[in-house]
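Annotated features in Swiss-Prot:
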- H143: active site (ACT_SITE)
- G158, K159, S160, G161, V162, G163, K164, S165: ATP binding site (BINDING)
- K164: active site (ACT_SITE)
- S165, E207: Mg(2+) binding site (BINDING)
- D182: active site, proton acceptor (ACT_SITE)
- R248: active site (ACT_SITE)
- 269-274: region 'Important for the catalytic mechanism of dephosphorylation' (REGION)
Amino acid sequence: MSMPGINVSNLLNEHEELGLRLLAGEKGLTNRINMSEINRPGLSLTGFYESFAHDRIQIFGKGEWAYITSRIPEDLKNIAADFFSFHLNCIIFTHGNMPPSIFTENCERLAIPLMISDVSTHKFITLISGILDRSLAPRTMRHGVLIEVFGIGILLSGKSGVGKSETALELIERGHRLVADDMVEIRRLSESYLIGTCSDLLRHHMEIRGLGILNIKDIFGIGSVRDHKLIELIIRLEEWTEDKDFDRTGLENPTEELLGVQIPLIRVPVKPGRNIPIIVETAAMNQRLRKLGKNAAQEFNQKLSNYLQQGKVERNPP
């Protein structure tokens, strides 16, 4: 698992929706942002720096701007001295408000990027929080195929050559959608949600033994692919051998941990004559039913228990 960070320059140059313009501190554009939380330093500007989150992006909204611009020069000098005594990665003023010159001077001297945006504070925080959540989410790479089947994101896993790509190709021909083949990039966006995607280089491509590299979007159309998908089920394809024990009732609920999230796991034996794509489709529909609270295996088990209990009573009347 990796915990990536991004440079301040990434926010400035690659996210036009933020509307950022650099005023000072160009030498600090390589400063790293390692957390998705932001900080509004309102209380800190009054002199209370206990628990000051200096390692976050500092956002100056209308309130902070109005406060510092209303101070007399001597007070503002003291505010700046205290504020810039901390190591800061960047400072952003919203609503197009221009910071005082003492902020510009300190940011230039200390190589702290100082930027402004015409976007309102509330909208800006919403936008940048989403960007940081996506960019800084814990992530890992997983060998397999990620495909959307009946709206369920399924990660097909298993040893090389077991038939993952061939199974996915048949599912695509049936109208389902490819997300990633071979290497799946997985990000944890919350405590219980994993998003799978593909690298730009491999996106929409598959490798099939005997055919080579295929462009799925060109062959099957734009409706056969998507860029990312929530991972809700893992299906592990395993070569069938007599000594392996596979679940035959559905009462077991095995899971596999990915980035600290438990994902439902189904182990499917692979051998000649088995129609794996239709098994995957059925697993997807069954998973949708389970999400709605309907579990066929448990219902059948309950019926069986009731039947056996009823038979026991009939054989042993009071």
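All residue numbers here begin at 1 and follow the chain in the order shown.
Including glycine, each Cβ sits where the backbone N, Cα and C put it.
Feature map: annotations from Swiss-Prot on the structure.
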residue : record                       : DSSP (3 states)
H143    : active site                  : strand
G158    : ATP binding site             : strand
G163    : ATP binding site             : coil
D182    : active site, proton acceptor : strand
E207    : Mg(2+) binding site          : strand
R248    : active site                  : coil
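Relative to the residue listed as 'active site, proton acceptor', the recorded positions with Cα atoms inside 10 Å are S165, the candidates having been G161, S165, R248. Here the Cα atom of V162 (ATP binding site) is found 14 Å from that of E207 (Mg(2+) binding site). Sequence-distant contacts of the region 'Important for the catalytic mechanism of dephosphorylation' (269-274) (same chain, at least 6 residues past either end, Cβ-Cβ under 8 Å): 158, 162-163, 237-240, 244, 246. Put simply, G163 is the one of the binding-site residues S160, G163, E207 whose Cα lies nearest to the Cα of R248 (active site). Of all Cβ atoms in the shown protein chains, 18 besides its own fall within 10 Å of the Cβ of V162 (ATP binding site).
Other than the site residues G158, K159, S160, G161, V162, G163, K164, S165, same-chain residues with C-beta atoms no more than 8 angstroms from the centre of those residues' C-beta atoms, the ATP site, are L237. Ranking the recorded positions D182, E207 by how many Cβ atoms sit within 10 Å of each one's Cβ puts D182 at the top.
The Cα atom of E207 (Mg(2+) binding site) lies nearest to that of S165, taking the binding-site residues G158, K159, K164, S165 as the candidates. Sequence-distant neighbours of K164 (ATP binding site) (same chain, 6+ apart, CB under 8 A from its CB) are G144, V145, L156, S157, G158, L237. Taking Cβ-Cβ distances under 8 Å and a sequence separation of 6 or more, the neighbours of S160 (ATP binding site) in its chain are H143.
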